[in-house]
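Enquirer: As annotated in Swiss-Prot:
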type: ACT_SITE; residues: Ser201; note: active site
type: CARBOHYD; residues: Asn122; note: N-linked glycosylation site
type: CARBOHYD; residues: Asn192; note: N-linked glycosylation site
type: CARBOHYD; residues: Asn1214; note: N-linked glycosylation site
type: CARBOHYD; residues: Asn1253; note: N-linked glycosylation site
type: CARBOHYD; residues: Asn1297; note: N-linked glycosylation site
type: CARBOHYD; residues: Asn1387; note: N-linked glycosylation site
type: CARBOHYD; residues: Asn1513; note: N-linked glycosylation site
type: TRANSMEM; residues: 13-33; note: transmembrane segment
type: TRANSMEM; residues: 796-816; note: transmembrane segment
type: TRANSMEM; residues: 846-866; note: transmembrane segment
type: TRANSMEM; residues: 886-908; note: transmembrane segment
type: TRANSMEM; residues: 915-937; note: transmembrane segment
type: TRANSMEM; residues: 966-986; note: transmembrane segment
type: TRANSMEM; residues: 1018-1038; note: transmembrane segment
type: TRANSMEM; residues: 1052-1072; note: transmembrane segment
type: TRANSMEM; residues: 1087-1107; note: transmembrane segment
Amino acid sequence: MTTTSRSGRQLWLPWLILVVSLTLITYSVDSFIRLPQQLGVSQQCRMSRMWPAYIDHTSNLEPFSPSGLWRKYRLYLYRERHFEPMDLPTGSPALFVPGNSGSYGQVRSVASSASRQFYKENGSGARRDEWKDAPPGVAHTDWYTIDFNEDFSAFSGTTLIEQATFINEVVSYLSDRYASAATHSYAAGERNTTVPILAHSMGGIAARLTAHLPNYPVGNIDTIVTLSTPHAFPPVPFDSSVEYVYSLINTPLDASRVTSRSARNVPPLLVSIAGGLLDTQLPSDPSSLSLARIGEAIAPSRISTYTGSLPSLWSSVDHVAVMWCDQLREKIARGFLLDMMAFGRVSDERNAGGVSGRSSVLRRRRELWRRALSLFDVSDAGNGEIGPLELTPSPDWLLEEDRETFVVENESPSFQRPTSGPDSALSVDQQNTVFRIPARMGDSDDGLHAFELITNLCVGWNPSSGMGAPLPQPVELVVQLCTSNPDSSDPVSGQRTSCRLVMPWQWELIPPSFLPRTDILMQESSQHIDTHLPENRPFPSADEIYHVPGYAFQRLRLDADLLQRQRIDWIRVERKTDSGVFVHQRGLKSFVRGGWMRQAAGRLKKHGSSLLLTQDQDSDIQHHYQDAGFATTSAIPIASEWLLKGFSSSLLARRIELVPSQCLVENLALYTLQSNDESLHSTDASFSPFMRVSDRATGDSRWYPQLASPELVRRIRARTYKGEPITFPLSLHGNAPFMPPARDSLNEIRVQLWTDQALLRPVPGKSLPCRSSVDSIRLSVDWKASAGLVLLRYRFLLAAWPLGLLSVCIGLSWLTWTQKPELPFPSPLTSITQPVFRTPFIGNRVDPLLGLLACTAIALILLDGMRLWLYRCMSSAEARGPTSSLIGMVLGLHNHASSAGLIPCFLLVSYATLLVIVAIIQWSFSLIAAIVTRFGLAHKLDWVGAATASSDPLKWNRRSMAGLAILLLSVVLLVPHQFVFLIMFLLQLLNTLRALLELQSNRGPPQSQESRFHQHLSILMMLVLLLPQKASFLVTWVRNLASVGIKTPNTMAAWMDHNLLDVAPIVVLVWLMAGGRMLEPARSKMEAKAIVFGFSIVGWYALVWGIRYTYRTYDAFNALCLVLAVCHWRSRRAGSRSHYSQGHAACNVAKHSDETSGMLHAHGKDEGVNLGDAPAEEFELRSGLASARLPIHHLALPSSVDPQSGGASIAEGNASTCAVVESSAQTNLGGDKLDELIADYLDVLDRYQRARNATSALFSSGYLKLTRAKIELGASRLSSNSYDSRLLAEVRATISNESSSQSSCGGLPAQASEISHISVARVQPDYSHLENDDYVLIQDMDESKVEKADSTIAGLRRRAAVGVTLSETDVVEGSGPHKHSPRGSLNDSVLRPVRVSAADAEGRGDAIKMSAVQPEKGHSKNSKYDVISTNQGDDQLGRMEQTKKVAAKPDALLQFGGLPSTALRGAQVDLRKALNQLLGAESHVHDDGVLQLALRLEVLTSAISTLKATAANQSECEKR
């Protein structure tokens, strides 16, 4: 990647992307908000009622809680007033675990329902009739609930581990309190008591985690029911500790546990119920155990479904309502009651028999919970307890007899019936019908038939149904499954018939699909509809109690494998009454419809993204035997079925367009259905067609009853119906992002359509095909609703991808700046709007921003395709389930076409989000800086201390290092690393503001200060995008701090958030930047590549893994901070010597602080030397030659000194001495001249090294004594920022030109001929002009007491030196302690170095004085500067001496104390000597100073390089 031409950029492109992205975001957000209306879903939950009371048991936990968590959390026992007789425990324990920010009081809905189903409502403790035979103290559940202080467990794995640890301690306490009873073989309490758990949201994760902790009570937790729990992956992937928890609980089970029959190896029964589409707080996809492949090796250990599939509810439920929804709480409460009633509470008995076979109690407990939840067919996700067919031992395994599921042995009664006579099983009359197994019509038809029976009659009392207390009801319909076997008593021709009764729990409750009654239909109009009529009520409705007998329909389905396994020969249906009791009370007509159907017999045809479903031409060829009275005489099946393979998706919403057949339309126009019709008319229409669409992998389903609605029938009879399709929305949970793809045997959508055969009778006078109630069903994609579903699943996109794009753009800018450090480092806004990127194969013909986004999108799409290929090829990846890293890459989809369409859209939205964030923050800093400056607060935010030059050896400030060590040590001992990250964020915020204020104050080289500000701002931008990951945890930590203090509980997670490495690199980098300097360029290609690689790693993790593993972006940024800190440290340690970039060693990158900025300018870059080819020693010397990098103490000149543009200073320009190299500039460039120059160079180099070492020793001694003086006087009286601005200059520079004719040195830079010679001497300043003041020189003043803006400090009045002409532009604001005085009264005078050319110096004289000037105009009453001659000043001073008393001369030490200490005076002496030796002041030989020697080395180096270049050119010419 190289720098592209700025002229080819389209500056409007970022804003165009912003407009397009805002359109996409608006479209998606609008779809998300209107998602329930678009999908036709609404929450239909009845409100639950209860009388709660809580009894605190926390004090009893202390002996069972060695971790000390009993001080942090609490345990309560729930009691329902007016039902439960006493507050003491009376039954079996059950525990409720709240979720993220959940309350312990959420248990009241389920616990209240359990009490109301078990006790009568009088408070006497009397049981209901169905529980009167239950063992005492077993069946009833004592509900305990845990108070987790409403912790945010979704954001912290540490919190989850602490909660799981406390759950284990509570279970140990409850097992001890509810000790098992004594038996003949065991003493009391010898066997473990099980404690089933009900958990909401993240509480389910904590409950599952208990088995992986050291204090887990083995065998005491055998049932975990979870509500809206994200089992597959974390809902908020901001913390690596949460991912660690998920990796523990989702580890596949060992093969030994699958085959073991030991009770200790039996996993807990895990029941997962998800809320569905209305749960927008947490997507319900990860709640599917089947789709996540959790526990699929032991299918009987799991149940997974959605609330929309639960009978009597059939509604999606939001995240909170899943706890109080009345229809759901009745099922859950009854499931716990039945579980304890049937299997007791002793752990060994409940887990006996292993995990498979008829003896497995686990299978029986699963069957009980399936019945309690009323799960049938595809609603029991993952193929029920069978599991995926890919994992079955063999195809014949399904037909084995031990596959029969039951709760109690012989629960389905069987009896013998004669084969002839009136009581024969084959006898048929008007109320009794026999359905024989259809004959095989071909080899392909084997096993394709299934039996369907639908009725609204009562089929018996079902106590195992989880729909509240069962209502007494008569048996109005009986179904028997009969088998004919040879009779042993009559071996010749005798047959014996054995029939098994179909029990009530085998019937599935389905929604009612009423056909409009014609007598009522004729009385109503479209404007006046009676909503109280059953056929006019919406579905589902919270006001309807569907499980009341006679309202909803009952369905019996007998699949082919069940009929084969039980060897059924025929099915006998006996109707006990003509009209049902409950049906008649509602004014409805009783009906029974049954018949055979072929499974998955429909035809599919794909049209682009749409799918067309039609009937198979041969699907109506069915064999019905003796079905008179129940079914029509035609051979039309009662149901049609389509299987859509690979059609499952959670991201796509669809529209169903159903076209009714003409036969159905004609029959709807002619049928007759009367109210309260008690007669038996088997051929009359009885119910409206209805449909169900379900996903076999997840168990999610959607019912569409009453396809022939009253409005449609009304239009048909009015002849206004024109054949328009009936439209319904559809969205199911299926294959989802970051989830394993569904198994092939489960990856299907099933569409089922039921039709009353009476509505498909031949129409008199018309020849119409009457094979089906619909001509076609079209499924098409609803793109608007799909946008809302995509937004629901990819909400964390904005937490990762903007950071990735920012990192890539800043990395490109950093690489370019490293190559060309003479350019300022670009701002973040410039980096993202004008990225330095060259599009491969196209170059500058495409805008760099467009090329960058396009290349990123193509790379991600190709990477996603490679990921899919690897996942399908690696069996180990599929075995890992949701923990596979391949699933979490990019978008985590298993459809490459979907990824290719979404990735460009996501990139545009991410870029627009980044653009808005960066622009707002960058503009906000400008606004804040303006406000701070306006109110005069800038000086309070000034840098503390002085940042030394880049060429200085890296020195360590003890106080700063101590603070850094304490901060890092606090991470280990006291606070989590997230808290320190927040501190570093705030510190970097302050650093960035300081850098901007200094940039606006114009106190230093603008290029370096601009680079520093942009670097600080770039790092801050990345910290801003990372802040949400850590701020979420801090909320939990602060809450815990308020509740239990700083003490950490004794758990395995005690030190998870106290890892020093999680924050140390960020702390070090921000600490380095807090010193007031910018980060140095790379010294070598290796370092440059390392920095670019660090930014690339952040971009890689953010774009590739950022959505699923967001926390990895923080780890990548940590590594980037480490690389930046190490490279900066190496550059500082070596004086920022870079042989990677050519010719920029002496650029303006030296001083970056208020204290030293502007003191000396850089030499300027060398134009003729290739440093990359120079020896290391020569390069090291040249890197240190820039006088701007010489170690000059910050007290040598005031911090406000800022060189003027256009002037000359001691430290600026390439000074040269023509006399030294005069001979080297001649035309004759022989080898003797070159040897002579090299010898001279080595001699000067030796003198330079000795002079510099001596200067360093003096500086070290002076600083040591200054430190001792600080200890003696105190930091408040002697600080690093102190400087008496009233002092005059004590340094005089003499610039002379020996000969203008000799000033032209061949090959030397142009500026070298301007200054012939520089000599520096220290002089005694003349303070006589101060003797006219009325005040003493040194006077303590309180700035807050100064009342007038025109008063000056201590009455001083400054005059300029002789011959110096000043203008208003020569004056700058003072710096130091009095900068930005609030009242403008204390303004420091500043020293101005004046740059004078050789010609000017010769005309004015041989001496130029650097002196002080008065403050800016407007800050003093003497707004005009007095420029006088020396004689005038002497006259004036003479007059002063006659009238005024001579004041004390100013001294640098008097500002620190009235009587300076010996250490302070010693420091002054040493530092003054060091400065003299550095500048060559008071030296008899003008060339002995470090400055002069460095300049001579510079000239000699340039001359030698020029001679080499000239010799090389002459050699080439001679060769030619």
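Every residue gets a Cβ built from N, Cα and C, even glycine.
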Enquirer: Would you kindly give the Cα-Cα distance separating Asn192 (N-linked glycosylation site) and Asn122 (N-linked glycosylation site), rounded to the nearest Å?
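Expert: Given the Cα positions, Asn122 (N-linked glycosylation site) is 34 Å from Asn192 (N-linked glycosylation site).
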Enquirer: Any residues 6+ beyond the ends of the transmembrane segment (846-866) with a Cβ under 8 Å from its own?
Expert: 4, 8-10, 13-14, 17, 805, 808-809, 833-840, 889-891, 893, 896, 899-900, 903-904, 907-908, 911, 1103-1104
Enquirer: Cβ under 8 Å to the transmembrane segment (1087-1107), counting only same-chain residues 6 or more beyond its ends: which ones?
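Expert: Cβ under 8 Å, 6 or more out: 738, 794, 796-797, 799-801, 803-805, 807-808, 810-811, 814-815, 818-819, 856, 860, 863, 885, 888-892, 1022, 1113, 1115-1117, 1119-1120, 1123-1124, 1127, 1130, 1140.
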Enquirer: Among Asn192, Ser201, Asn1513, these being the recorded positions, pick the one whose CA is nearest to that of Asn1253 (N-linked glycosylation site).
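Expert: Closest by Cα: Asn1513.
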Enquirer: Between Asn192 (N-linked glycosylation site) and Asn1513 (N-linked glycosylation site), how many Å separate their Cα atoms?
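Expert: Their Cα atoms are separated by 97 Å.
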Enquirer: Identify, among the glycosylation sites Asn192, Asn1513, the residue whose Cβ has the fewest other Cβ atoms within 10 Å in this structure.
Expert: Asn1513
Enquirer: State which of the following recorded positions has the fewest other Cβ atoms within 10 Å around its Cβ: Asn122, Ser201.
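Expert: Among the recorded positions Asn122, Ser201, the lowest count of other Cβ atoms within 10 Å belongs to Asn122.
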Enquirer: Looking only at Cβ atoms, how many others are within 10 Å of the one on Asn1253 (N-linked glycosylation site)?
Expert: 10
Enquirer: Just to verify a number: CA distance, Ser201 (active site) to Asn1513 (N-linked glycosylation site), in angstrom, no decimals.
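Expert: Here the two Cα atoms lie 80 Å apart.
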Enquirer: Residues sitting near the transmembrane segment (966-986): Cβ under 8 Å, six or more positions beyond its termini, same chain?
Expert: 1020, 1023-1024, 1026-1027, 1030-1031, 1033-1034, 1037, 1046, 1057-1060, 1062-1064, 1066-1067, 1070
Enquirer: Go through the chain and flag residues at least 6 beyond the ends of the transmembrane segment (1018-1038) whose CB is under 8 A from any CB in it; none is fine as an answer.
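Expert: Same-chain contacts beyond the flanks: 151-153, 155-156, 159, 236, 238-239, 799, 802-803, 806-807, 810, 825, 827-828, 831, 917-918, 921, 976, 978-979, 981-982, 984-985, 988-989, 991-992, 1057, 1066, 1069-1070, 1073, 1098, 1110-1111, 1113-1114, 1117.
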